[in-house]
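Novice: Just lifted these from Swiss-Prot, have a look:
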- 78-89, 288-299: NAD(+) binding site (BINDING)
- Arg96, Arg106, Arg135, Asp224: substrate binding site (BINDING)
- Asp224, Asp249, Asp253: Mg(2+) binding site (BINDING)
- Tyr142: site 'Important for catalysis' (SITE)
- Lys191: site 'Important for catalysis' (SITE)
Amino acid sequence: MSEKTIVVLPGDHVGTEITNEAIKVLKAIEEVRPNVKFNFQHHLIGGAAIDATGVPLPDEALEAAKKADAVLLGAVGGPKWGTGAVRPEQGLLKIRKELNLYANLRPCNFASESLLELSPIKAEFAKGTDFTVVRELVGGIYFGERKEDDGSGVASDTETYSVPEVQRITRMAAFMALQHNPPLPIWSLDKANVLASSRLWRKTVTETIEKEFPQLTVQHQLIDSAAMILIKSPTTLNGIVITSNMFGDIISDEASVIPGSLGLLPSASLASLPDTNKAFGLYEPCHGSAPDLPANKVNPIATILSAAMMLKLSLDLFEEGVALEKAVKEVLDAGVRTGDLRGSNSTKEVGDAAVEAAKRILKN
């Protein structure tokens, strides 16, 4: 038996509820698979960490994460901590940088076709949407040179990218494309008509694909045009979508409304290619901490699907990850849903249903 260590960072507000449901489903796998054992280690991050320690990411949490097989994160932030000098989101940025989590993967698809009616896009246009945004996560404007307003009325942020950074994220996108037969097309989003960093981005993506992955195709699209296409004809972008940190942040949030709720979409942030299904990664839902949501009302599906990604990409438990995805589809098809999906079930009820479905699938 090989024990997998998972550092759990619940974070703020609904973070504890959603990570609890994901853990519950993972423990169900332990029950069915005697050779699988998880070691869950809980630590603080975000506003909860600020309240307890004065910093958004305590050293002990970071050190535990460095030694783990994977990290499961809930959500951070909330109006309580405002936009002061010490903010919850700083903990998230720090852990990404310290763990070198350079690639953020955000799938956009329908976990169940029964959800098509909930999409703000007409079903005939939304049906079949299936792409993954591969976002560069530790470079660009979020980590560039920054100048706060010192009273002069001027502030600035600097966007910087290097060839090695762009090559690295391009190789991740290529790897993901090659997991399919035939390989998926790659879309690269930038603002090369205006930004020097985007011109370097486009040139490097093109050269890397041509030299290292000649069997793949890449199409370049300006980010503003891509944002329009995403609403007008989302299936046009089916495949792998690669882009920079800020553009990826924006376009993936826009994409997240297509399936009908932020509560459905998982994400993975990886430190290496998952070529042996053992890449170190941090897994979290795409939604925020939802401070105004009453207890037991948050949708846990995105976090459960994040756990499924963790099983497949970091813990070398691919079959179990697929089983979780099938379980989620069964739950949604059965109409067990929280309020964001026009359902009446609680967080716990959805989690319980996922547990029972996963057990049944794994036993067959």
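A Cβ is built for glycine as well, from the same backbone N, Cα and C atoms used for every other residue.
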Novice: Name the secondary structure element type, per DSSP in three states, that contains Arg135 (substrate binding site).
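Specialist: It is in a strand.
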Novice: Counting all other Cβ atoms within 10 Å across every protein chain shown, which of the recorded positions Arg96, Arg135, Lys191 scores highest?
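Specialist: That would be Arg135, with the highest Cβ count within 10 Å.
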Novice: Quick one: pull the CA-CA distance for Arg87 (NAD(+) binding site) versus Arg96 (substrate binding site), whole Å only.
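Specialist: Rounded to the nearest whole number, the Cα-Cα distance is 15 Å.
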Novice: Given the binding-site residues Arg87, Arg106, Lys297, and counting only Cβ atoms in the protein chains shown, which has the most within 10 Å of its Cβ?
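Specialist: Counting Cβ neighbours within 10 Å, the top one is Arg106.
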Novice: Please list, in sequence order, every residue of the chain apart from Asp224, Asp249, Asp253 whose Cβ lies within 8 Å of the Cβ centroid of the Mg(2+) site.
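Specialist: Close Cβ neighbours, site residues excluded: Ile223, Ala227, Met246, Phe247, Gly248, Ile250, Ile251, Ser252, Glu254.
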Novice: When the Cα of Pro294 (NAD(+) binding site) is compared with the Cα of each of the recorded positions Arg96, Tyr142, Lys191, which one is closest?
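Specialist: It is Arg96, whose Cα lies nearest.
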Novice: To the nearest whole angstrom, state the Cα distance for the pair Asp253 (Mg(2+) binding site) and Gly288 (NAD(+) binding site).
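Specialist: Asp253 (Mg(2+) binding site) and Gly288 (NAD(+) binding site) have their Cα atoms 11 Å apart.
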Novice: Taking only same-chain residues 6+ apart in sequence, whose CB is under 8 Å from that of Gly78 (NAD(+) binding site), what do you get?
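Specialist: Looking at Cβ-Cβ distances below 8 Å from Gly78 (NAD(+) binding site), excluding near sequence neighbours, one finds Asp12, His13, Gly47, Pro88, Ser289, Pro291.
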Novice: If you run the three-state DSSP split on Arg106 (substrate binding site), which class comes out?
Specialist: strand
Novice: Give me the non-local Cβ neighbours of Gly288 (NAD(+) binding site): same chain, 6+ apart in sequence, Cβ-Cβ under 8 Å, ordered along the sequence.
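Specialist: Within the chain, Gly288 (NAD(+) binding site) has Cβ neighbours under 8 Å at Ala75, Gly77, Leu262.
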Novice: Which one is it: of the recorded positions Trp81, Tyr142, Lys191, Asp249, Lys297, whose Cα lies the shortest distance from the Cα of Asp224 (substrate binding site)?
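Specialist: Among Trp81, Tyr142, Lys191, Asp249, Lys297, Lys191.
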Novice: Are there any residues in the same chain, six or more apart in sequence, whose C-beta is under 8 angstroms from the C-beta of Asp249 (Mg(2+) binding site), and if so which?
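Specialist: Set apart from Asp249 (Mg(2+) binding site) by at least 6 residues yet with Cβ under 8 Å, we have Arg135, Tyr142.
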